[in-house]
Amino acid sequence: MVLGPSSSRLFQASSVFIKQVEVKDHDKKGVFLYGFSEKPELSLEKNWSVSNYVIVASYSKKGFSLWLNKGSKIRIRWEAQTSSLGQLEVSIIKGERNYETLIPKSTILSHSNVHHEPTDGREAEYVIEEDDKYNLGIVNTNPRSIIMAMNVNVSSKMYDTTMAKSMCSTMNGSCRLSLLFPNSQFVTVTTPYNGDLGEWNVELSFVSRVVTYIAILGFIVIIIFLILKYLGACDGDTREEITVLRQVTESDPLVPEKPFRLPYGTGEEDVESESSSSSEDLYDGKICVICYEEPRNCFFVPCGHCATCYTCAQRYALSKSVWGASINRNLK
């Protein structure tokens, strides 16, 4: 992240997910890291100013970035030759923005006669309404480069660090602050004023609390498993056999009935033949022609016909001995 001189930036971190906060300052300018249990007040005000000569090439832009909190003020005054002052534009851009040169190629001319021209100056003031990064830029629309004098006065709002619970500095390298579990804490990154208008590139990183993420992941896995089990996706293919007990009555036989098997043919009757009607079975020669209930299972001698069941065949044999009738005559 980009800071500036006498700048202060606030962060809120949850100690449930974050174990430590680390700051690295590669330029070793002395960045301070403060830890708070409560949000600090934006009550301090630091005033600083920088004056310098700036050379801006033709059709190009030059600038720098600052982090400013709400309530800060920035006042800029620039001076240049009267002939080229009207072609200078000074802007303050909030947030990130990329700039490009106005034309592909810039032309740089000699300045030997320029210094004798009269100079003039302008100034502007801007009040910061929101915490953010602000880019101060100077755009030169002249066909030649310009040497200008710039004076920047900043009244920077900063957080009060007197109530800080912990503090570390990057004077000797990177520093870390440990967060107390399980409360949320506030962290401020503060830079001192060193008389330089250049950007402060500071690296801020958060060290996560691995145990918390493992616990959350395990909890999610358990919830998914319970949902799948409730829906039946995790159940096995085992099936319970349900035994139906039939109530025994006084009319039931002591010896269980055996399935009736035909003593002739190739085997048991098909399921389709069992579902056919009695009239079809009669014409097909399957049931008794006398009682129309039992299957045909008796052969008559000497003709060899099979027309009746065993019970009807006995009755018919008895009647034949009495009346002398033939089964062939009765079938016709």
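If you go along the chain as it appears here, the first residue is 1 and each next one adds 1.
In case you wondered, yes, glycine gets a Cβ from its N, Cα and C as well.
What TrEMBL says about a protein is an automatic prediction, not a curated fact.
Here the structure is a predicted model, which means the values were calculated and not measured.
If you look up TrEMBL, you'll see 32-98 marked as domain 'E3 ubiquitin-protein ligase APD1-4 N-terminal'. Look at TrEMBL and you will find 124-226 tagged as domain 'E3 ubiquitin-protein ligase APD1-4 middle'. Per TrEMBL, the feature region 'Disordered' maps to 256-279. What TrEMBL lists as transmembrane segment is 210-231.
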| note | The predicted model's mean pLDDT over the domain 'E3 ubiquitin-protein ligase APD1-4 N-terminal' (32-98) is 84
| note | Grouping DSSP H, G, I as helix and E, B as strand, the residues of the domain 'E3 ubiquitin-protein ligase APD1-4 middle' (124-226) number 17 helix, 50 strand, 36 coil
